[in-house]
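In TrEMBL this protein carries:
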- 10-235: domain 'Orotidine 5'-phosphate decarboxylase' (DOMAIN)
- Asp16, Lys37, 64-73, Thr128, Arg190, Gln199, 219-220: substrate binding site (BINDING)
- Lys66: active site, proton donor (ACT_SITE)
Amino acid sequence: MGNGEQAEQRVIVALDVPDEQSAIALIDQLPQVSFWKVGLELFTSTGPKILEELKSRQKRIFLDLKFDDIPNTVAGACRSAARYGVDLLTIHATAGRDALKAATEAAQEGAAKAGVQPPKLIAITLLTSISARQLAFDLKIPLELPEYALEMALLAQECGLDGVVCSPQEVAQLRQTCENDFLLVCPGVRPTWADKGDQKRSLTPAQAIKAGADYLVIGRPITAAIEPELAWKRISEELTTVA
Ligand SMILES: O=c1ccn([C@@H]2O[C@H](COP(=O)(O)O)[C@@H](O)[C@H]2O)c(=O)[nH]1
């Protein structure tokens, strides 16, 4: 995974829609998209059925359920999720060292038991919707935001995870510090023509790739566009300038 791929294969489109019918309509409307993210909204609505739909179309899957619980519980969740044969799976780094280690082992066990490839387990460093001000004043974290994101990434690396989810604004620093094969997956990506919405720490697709992201996660700029195919095409064209 990562840098060897063509630029547009490094875009994961977030399928944040309320039901299976809307999801399938988007998947069929965007046949060029090879990697889809199923998150809390859609998975809570459809359960694993949507994963089967994506697999039947030979799509890669990022199952973004952002587990955050005690070690025994996240391990159980990762063991179960790994059986679906998804490509990427998320846990919050804030679950802590014991939970991250337990999750890593459990994901391997679940996949082995089901006879599928284990998912790459990646940790959320700090949600891209959180600003430096919110980190300090609401979450009461006494570190500068880039330092906090780096500490979370290093914790994930020490615990044997495959990578992290980070904002494009921190990806260059993480790329320099983390191992070369440590995956850096960036949501919060916004072309200049798209609304930022609730994303606080964004860069454009080209800037994020140049800064060292392996994958970009892009949802609403494509899925909520009046013409999703055109939005996808504009992003793909932007990325050919940096590939
Ligand atoms: O820190 C994070 C972690 C995950 N996400 C998810 O990525 C997409 C982004 O969607 P947009 O519509 O492009 O904002 C969404 O599914 C989030 O749950 C994130 O944004 N930030």
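Cβ atoms here come from the backbone N, Cα and C positions, even for glycine.
A TrEMBL annotation is a machine prediction, not a hand-curated record.
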DSSP on Pro71 (substrate binding site), three-state: which is it?
helix
Which binding-site residues out of Asp16, Leu65, Pro71 lie by ligand 1, going by a Cβ under 6 Å?
Asp16
Using a Cβ cut-off under 8 Å and a sequence separation of 6 or more, which residues in the same chain sit near Pro71 (substrate binding site)?
Ala95, Gly96, Asp98, Ala99, Lys101, Ala102, Ala103
Looking only at Lys66, Asp68, Thr128, which of these recorded positions has the biggest number of Cβ atoms within 10 Å around its Cβ?
Thr128
Where Gly219 (substrate binding site) sits in the secondary structure, as DSSP reduces it to three classes:
coil
Which residues, sitting 6 or more apart from Leu65 (substrate binding site) on the same chain, put a CB under 8 Å from its CB?
Gly39, Leu40, Phe43, Ala77, Ala81, Leu89, Thr90
Taking the Cβ of Asp16 (substrate binding site) as centre, how many other Cβ atoms lie within 10 Å?
19
Packing count at Gly219 (substrate binding site) (other Cβ atoms within 10 Å of its Cβ):
19
